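Take a look at the structure set out below.
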Amino acid sequence: MVMIHIFLTVMVVGGVSLFPETAEAIVMGPSMQKLTWHYYKVYNTCENAENFVRHQVEIFYKNDKSIAPKLLRLLYSDCFVSGCDASVLLEGPNSEKMAPQNRGLGGFVLIDKIKIVLEQRCPGVVSCADILNLATRDAVHLAGAPSYPVFTGRRDGLTSDKQTVDLPSPSISWDQAMSYFKSRGLNVLDMATLLGSHSMGRTHCSYVVDRLYNYNKTGKPSPTMNKYFLSEMAKQCPPRTRKGQTDPLVYLNPDSGSNHSFTSSFYSRILSNKSVLEVDQQLLYNDDTKQISKEFSEGFEDFRKSFALSMSKMGAINVLTKTEGEIRKDCRHIN
């Protein structure tokens, strides 16, 4: 059975222990071994660091639920480029955040606020890279995701270059997407799971219009797109016919909308050919990801557990530890 296959995959990849009662996943693969669970408590450098982060996230979330998808995107943009080193937070005319793919990134204000609080409590101790990982975990948990363990002890990168940003277009093929995830040490289950982050948040119409009007340069809409959903999207995203035309935002998952809730309805929409982005819809075009999508649409807990594992794995990509990098005093600038 597919459910058993997925569950066993989650259990054995990277030496994983799952705790069904809390839907938490602990990853002890090679990259994670450089990090420590509750690092700041274990080494008695800032015992309540994670509590301080959580408190600030809870305050912010009450006023702005969109912080969950914003932080998810920010963490993805950081980890998938040069590793989880908070380089995406650095300011500068040629920094990563200035790359076209990073247009519209958000969440910086909350990270700044958390850093200020931690510098007051434990000066020069907690890295911006750890703050970003912890804050993302706490925000998506408030939105309905599991509160997975975040291993800590990361240090902050010293450079940030927009030329290194190779984040792919949301219109890439399944094979291209799979190749990209594999290059970061992630597998097919991770890809299908992490794309589920699109269960909340928004995107610009410019990333969707080709599906609506010029799929694969045919001058026609995507043939697989549900015709009623196609009509709805066309109303929100008119053809781009002139330079400087406004670029509206649309919800990645209309079912959750402004609630920005973490749900498995994203996968139900894939199975109904109602995905907003082409990269999401293409999960239906491969036998493995199609089966995973079916499992997740039918079993929310399976999705939550897999999400916990994949987020932990993503958060360990090319981390800096020990004497590498630095602990920034200001997340936007190196010391």
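The first residue you see is number 1, and the count goes up from there.
Every residue, even glycine, has its Cβ placed from backbone N, Cα and C.
What Swiss-Prot records for this protein:
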ACT_SITE  Arg73  active site
BINDING   Asp78, Val81, Gly83, Asp85, Ser87  Ca(2+) 1 binding site
BINDING   Ser199, Asp255, Ser258  Ca(2+) 2 binding site
DISULFID  Cys46-Cys122  disulfide bond
DISULFID  Cys79-Cys84  disulfide bond
DISULFID  Cys128-Cys331  disulfide bond
DISULFID  Cys205-Cys237  disulfide bond
CARBOHYD  Asn216  N-linked glycosylation site
CARBOHYD  Asn259  N-linked glycosylation site
CARBOHYD  Asn273  N-linked glycosylation site
SIGNAL    1-18  signal peptide
So, three-state DSSP: helix, strand or coil for Ser258 (Ca(2+) 2 binding site)?
helix
Around Asp85 (Ca(2+) 1 binding site), which residues of its chain at least 6 apart sit with Cβ under 8 Å of its Cβ?
Asp78, Ala129, Arg154, Arg155, Asp156, Gly157, Asn318, Val319, Leu320, Gly325
Restricting the comparison to the recorded positions Cys79, Ser258, Asn259, which residue's C-alpha is spatially nearest the C-alpha of Ser87 (Ca(2+) 1 binding site)?
Cys79
Taking the Cα atoms as reference points, how far is the residue listed as 'active site' from Cys122 (disulfide bond) in Å?
27
By the DSSP assignment reduced to helix, strand and coil, which category contains Asp85 (Ca(2+) 1 binding site)?
coil
Take the mean position of the Cβ atoms of Asp78, Val81, Gly83, Asp85, Ser87, the recorded Ca(2+) 1 site. Which other residues of that chain put their Cβ within 8 Å of it?
Cys79, Ser82, Cys84, Ala86, Val88, Glu96, Ala129, Gly157, Ser160, Asn318
Pop the Cα-Cα gap between Asp255 (Ca(2+) 2 binding site) and Asn273 (N-linked glycosylation site) into the table, whole Å please.
14
Would you pick out, from the recorded positions Cys46, Val81, Cys205, Cys237, Cys331, the residue whose Cβ has the largest number of other Cβ atoms within 10 Å?
Val81
Any idea what the Cα distance is from Cys237 (disulfide bond) over to Asp255 (Ca(2+) 2 binding site), rounded to a whole Å?
18
